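Straight from Swiss-Prot, the features:
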BINDING   116, 166, 170, 288, 320, 372  substrate binding site
ACT_SITE  168  active site, proton acceptor
BINDING   194, 196, 197  Mg(2+) binding site
MOD_RES   194  N6-carboxylysine
ACT_SITE  287  active site, proton acceptor
SITE      327  site 'Transition state stabilizer'
């Protein structure tokens, strides 16, 4: 082995961290960054700087480089690509050796890949577009506490999407009135009701009171309908200790599912809660509150497909994914891409859906995709088509806004869903024939007929801010 020598000074990043001839290993963690460089900084130097600063490099040569094998540990920028339709930025592909990261710690992966490098002056803007976990790393992570099949078996619900509802108004109700709203929606035909992301333990409704009244509602609805029901009890709390206290109480009162805000609450807390749920037979619903602060800017931040991909090994049985047709951001192609990343065992590279790498999840179970945000009965045919069976379709205002009340709103959604599932089984095209399918079902359901009348003019037709960059073919 050649003797290493030390020369003080500053060298260009590209001398060590730009390797266009590098062939990524099966064990490498791969990342695709969208880089907008500062004026005067060439592509290779900016990409190499990102590789260095997100792995083991720094701004100057240090003598302690001689004490390790940098050729083994360093990140390597190995490919650059143009961004279709945008000449201000480009894609940089970087490979990281697996031994740079603690096993089973998505927290540690994020600390490097989206850490201080995002404030680096050599780049004007930086966005993590995609990430590939090698199967060797996937095997060290806990993943969803239970997954799709186990949840269906626990609830005895098969062959259709599940139906949910976020209780509104999201803030201000007393615990007793909150529980009453849950009961009406559950007895009307929903599978789940849900705490909104910002319901924790406020003066108007303390968490223990809410848990008690809600579980009374769940159990009463189960007795009346003969179906398993649930409510996502949000255990997100000021401290991990308080979070586990709330989770333990949910278990004590026989709740089947709890909820966590994984970005606001933190990935460390989320992984710990997922482990607790796995060990205690509790399902875990994940809300993505705060995601748009991170992912909506198309040039700086983290794409939501990465936030989806990081959640799966961290742990969650459900994840909010947007709706395509509702009030929240998300185009159809991209949404289908990250739904697959959440649910499928293997997802191949597909640039038409924004997927830059093959992703093999091995035997790690998948989670339910949750569609929520501005949806109502008219959206049902499209939602069933887009999301398929392994999803939870959550109608908040689209349940509670029914003129006849929560139970009628829930019943309308259940009738619409079952009509779409039946029509799909008959080979009908749900999106093309949706109006006819719903109209026929409404002839036998006054609740659905009124719901269709109420929301027939409601649309959310705004331009998507974060669009797929796909070359014209």
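In case you wondered, yes, glycine gets a Cβ from its N, Cα and C as well.
Using a 10 Å Cα-Cα cut-off around residue 288 (substrate binding site), the recorded positions 168, 194, 196, 197 reduce to 197. Cβ-based neighbour count (10 Å, all protein chains) for residue 287 (active site, proton acceptor) stands at 28. Around the Cβ of residue 288 (substrate binding site), a 10 Å sphere holds 25 further Cβ atoms from the protein chains shown. Neighbour density at the Cβ, taken as the number of other Cβ atoms within 10 Å, is lowest among the binding-site residues 116, 166, 372 for 116.
Taking the C-alpha positions, the distance from residue 287 (active site, proton acceptor) to residue 196 (Mg(2+) binding site) comes to 9 Å. Note on the binding-site residues 170, 194: the fewest other CB atoms within 10 A surround the CB of 170. Shown in sequence order, 166, 167, 170, 195, 198, 199, 232, 234, 259, 287 are the same-chain residues outside 194, 196, 197 whose Cβ sits within 8 Å of the Cβ centre of the Mg(2+) site.
The C-beta environment of residue 320 (substrate binding site), restricted to residues of the same chain at least 6 apart in sequence and closer than 8 Å, consists of 286, 287, 288, 370, 372, 373. By a simple count of nearby Cβ atoms, those within 10 Å, the most crowded of the binding-site residues 196, 197 is 197.
Cα to Cα, residue 166 (substrate binding site) and residue 197 (Mg(2+) binding site) are separated by 9 Å. Long-range neighbours of residue 168 (active site, proton acceptor) (same chain, six or more residues apart, CB within less than 8 Å of its CB): 196, 396, 397, 400. For residue 194 (Mg(2+) binding site) paired with residue 170 (substrate binding site), the C-alpha to C-alpha distance reads 10 Å. Comment: substrate site residues 116, 166, 170, 288, 320, 372; largest CA to CA distance 37 Å, whole number. Here the C-alpha separation of residue 170 (substrate binding site) and residue 197 (Mg(2+) binding site) works out to 9 Å.
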